[in-house]
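According to TrEMBL, the protein has these features:
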DOMAIN    2-158  domain 'FAD/NAD(P)-binding'
BINDING   11, 32, 40, 76, 366, 373, 374, 375  FAD binding site
BINDING   147, 148, 149, 150, 191, 192, 203, 373  NADP(+) binding site
């Protein structure tokens, strides 16, 4: 059987890995729109979390298998359509993730100084489409809308001492911009309360312990929570206890490392959590061009636990800031008119990864279940889809009688449209060049951010 996987992030690679492992004859081709593989492992994971990127070693082993091939620089839906892939393969798995962000839907969100978390993360991680973001970091206060791990990543990158970031694979240009940044205070704002935050304890602890930075948590936000959290699941309980402990710590109990660099006030940098506030409007500067703050509706909670809803109380408050980062979630987009898509939920309608009403078409990862969870969640989800493909191959659901040409058929389509795919060994040349450039600067790698430069490097 010839199987095609669209997207080379964790969902795509784990799907391929599972099929190759459990079917001794399957041939899997992975298509990717960028020249370089690995999706959000390369472009989403924070540069100061290198251990999370170790899965790349497993993915590389999969790509080097003689029954697996990688074709980068191919945009499915434009360079080749999904029906064309279905003609060439026995099964097609869509694992292309969530390449857009949710919008706030409030006045002023298009003002200068307002960015989506997705674009900001893409900028410091070298995602080609965000390389020219050039965010304005000339203000002292930044506001992050959202209480998830990505929101903490943004705050940490904005406030981290430069010597910590210099040793990472953060891009050269964003490091230079952060070196000139005036941001010294970051507020993370959420519509709901401390019991509904979506970040995890490891990331919170890392933020609390960030050198030269102090956490500002309002003790009033945490009074009486010890009781409320008594019967909560253990992770939620431990997370809340850490916030309570941090909020109630008396100044002086914890040595604040003050790192006053030339031209920087002796006051340390700070970050804090604000709860039960929902953004109503990004407020413009007098000339109407830039963000100067955000007006928030204060909320009260109805219900409890994860299902609690934030209801506006009618009171409002203004928070001054020159930088607004909206971290309220990613969003999948439809890829091809031939593929059913639920625009409401932002997913491909499916059951166990089988796309509804289209035999032989499957999906895995964020486009299957929505943009939540970490790499391990995506791994299990992808194994589930791969299992559906294997069952359908074994159970005769997929018609194996016509031999399918796989990449042979796709190659001629691509050639006729002037598209030249990038192979995995091409990627390994790009990889080697990045690692060599990084070595010179004492970093694990220096990412190439311009696809044209990547293609020149491999003689395309």
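Each residue, glycine too, has its Cβ placed from N, Cα and C.
Neighbours of residue 11 (FAD binding site), defined as other CB atoms within 10 A of its CB across all chains, total 31.
Mean pLDDT, taken over the domain 'FAD/NAD(P)-binding' (2-158), works out to 97 on the 0 to 100 scale.
Fewest Cβ neighbours within 10 Å among the binding-site residues 147, 191, 192: this applies to 192. Using Cα positions, the member of the binding-site residues 147, 148, 150, 192, 203 nearest to residue 32 (FAD binding site) is identified as 150.
The least crowded of the binding-site residues 76, 150, 374, 375, judged by other CB atoms within 10 A of its own CB, is 374. Cα of residue 374 (FAD binding site) to Cα of residue 149 (NADP(+) binding site): a span of 10 Å. In this view, the densest Cβ surroundings among the binding-site residues 32, 203 belong to 32, judged by other Cβ atoms lying within 10 Å. On the backbone, the CA of residue 40 (FAD binding site) and the CA of residue 150 (NADP(+) binding site) stand 12 Å apart. When the Cα of residue 149 (NADP(+) binding site) is compared against those of the binding-site residues 11, 76, 366, 373, 375, the shortest separation belongs to 373. For residue 373 (FAD binding site), the number of other Cβ atoms no farther than 10 Å from its own Cβ, over all displayed protein chains, is 14. Spatially, by CA atoms, the binding-site residues 147, 148, 192 include one closest to residue 366 (FAD binding site), and that is 148.
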